[in-house]
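*Asks:* Not my notes, these are from TrEMBL:
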ACT_SITE  Lys206  active site, proton donor
BINDING   Lys106  NADPH binding site
BINDING   Glu191  L-homoserine binding site
DOMAIN    349-423  domain 'ACT'
Amino acid sequence: MTKPLRLGIAGLGTVGVGVVRMLRKNADLLKTRTGRPLVITAVSARSQKDRGVSLSDYAWEDDPVKLATRDDVDVFVELMGGADGPAKAATEAALKAGKDVVTANKAMLAEHGHTLANLAEDGGQVLRFEAAVAGGIPVIKALTEGLAGNEITRVMGVMNGSCNYILTRMQSAGLTYEEVFAEADGLGYLEADPQLDVGGIDAAHKLALLSSIAFGTQVKFDGVALEGIERVSIEDIRQAADMGYRIKLLGVAQMTARGLEQSMSPCLVPETSPLGQLEGGTNMVVLEGADVGQIVLRGAGAGEGPTASAVLSDIIDIARGLRLPTFGQPADSLKTVPAAQSTVPAPYYLRLDLLDKPGALAKVATALGDAGVSINRMRQYGHEDTTAPVLIVTHTTTREALDVALAGLPGTGVVTGDPVALRIEEV
Ligand SMILES: NC(=O)C1=CN([C@@H]2O[C@H](COP(=O)(O)OP(=O)(O)OC[C@H]3O[C@@H](n4cnc5c(N)ncnc54)[C@H](OP(=O)(O)O)[C@@H]3O)[C@@H](O)[C@H]2O)C=CC1
Ligand SMILES: N[C@@H](CCO)C(=O)O
């Protein structure tokens, strides 16, 4: 019989237990598909509590670094999480000990992916991370394999299920951000540190990883222009809907003459577009290749089954002998490119509160016009108090021009509060 592939799994939470369950349930199928048995030899977690799955057949290690370097482990499966700490220490130890590594850890790879990929490739090991981006959606495989013949022109996506749940629930139930945040927290949808979700950090980690593969660049998480969803109000969601748009926490990455543009921010997208119709905790990734055109991938971005499914796909590749570089090309060939200091021009949605007095709108129009920002559509809503809610959709403009216009608004003496400015992506 062909030699079994021996796995050491560190982390027995949602994803770890899912991987154990799938390996047991699908053992025969996996053996047939890979030509060899996939066996767990040892596991590790912080405590030996009951996890609803029998672990008695596996050796136990308290220390994930020890697990990662055991003689009876061929592949170290890192499912603990955290950019640094035990996840990074154990991953490095495994690679140095000649083990292949499979991880779902987007935070670790977004911060240290290039170093870890070099470490892996220098020693002839593989480091794979399908589960780290968009959970069950096989987007890493799509980029590194299915679309490998294409120049990738743009990558977009909704890659944080919790944020999409919050935004779509605000819309469907007419609830405020604060009300839906509390609901999502109660349902256990948010990370232990919710800022990772609503601050856009988790989604930005994922975008930075996709950019690296798509554009052949070293992962550059601090190059992502980042804005979370905390300031999105029910008012904006209603107004956007009224104009035929939905608000999404949208990631966009593209290579421009000014450098690599990566942004993760709330944007308006047409409600009839695939992204506009994405409801609840689902993820969607849109890949554009020069020859293939647009590919849309949609599915569960988190959860036990979907994430375990992605982890297994990496393990299966290793069992089959497929040894791809971490980011789709040798790590030492990944380029460093500057982050684009400006974004591709786009139309913007603006919401302002104006003092309701003669000439107020004219002053705003002048401030925009002076900055070179042209108004496409404008609406003022009926109101009872002394300020009037005004919506403006601009023609395509640069973010720089818009920022100049926004900086000029307080000087008009008619704008109260902070204006809201959201990019419109005509996807
Ligand atoms: N949950 C999801 O849907 C998705 C998760 N991911 C990623 O997968 C990884 C795991 O996530 P998830 O399963 O949700 O996380 P959990 O918090 O559910 O599980 C983490 C596990 O790691 C163990 N652990 C933590 N620190 C240590 C340590 N020092 N030594 C040994 N074990 C340790 C914990 O042990 P104990 O149980 O004893 O506390 C726990 O079993 C993360 O990187 C996450 O970002 C990616 C995509 C989706
Ligand atoms: N917090 C993440 C989990 C999966 O990475 C999300 O909501 O999508």
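We number each residue from 1, going along the chain as drawn.
Cβ from N, Cα, C; glycine included.
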*Asks:* Secondary structure at Lys106 (NADPH binding site) (DSSP, helix/strand/coil)?
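*Replies:* Note: Lys106 (NADPH binding site) is helical by DSSP.
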*Asks:* Just to verify a number: CA distance, Lys206 (active site, proton donor) to Lys106 (NADPH binding site), in angstrom, no decimals.
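*Replies:* On Cα coordinates alone, these residues lie 6 Å apart.
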*Asks:* By DSSP, how many residues in the domain 'ACT' (349-423) are helix, how many strand, and how many coil?
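*Replies:* Split by secondary structure, the domain 'ACT' (349-423) comes out as 24 helix, 31 strand, 20 coil.
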*Asks:* Test of understanding: give the count of other CB atoms lying within 10 angstroms of the CB of Lys106 (NADPH binding site).
*Replies:* 28
*Asks:* Taking every residue in the domain 'ACT' (349-423), what is their average pLDDT?
*Replies:* 92
*Asks:* Whole-number Å only: compute the distance from the Cα of the residue listed as 'L-homoserine binding site' to the Cα of Lys106 (NADPH binding site).
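*Replies:* The residue listed as 'L-homoserine binding site' and Lys106 (NADPH binding site) have their Cα atoms 13 Å apart.
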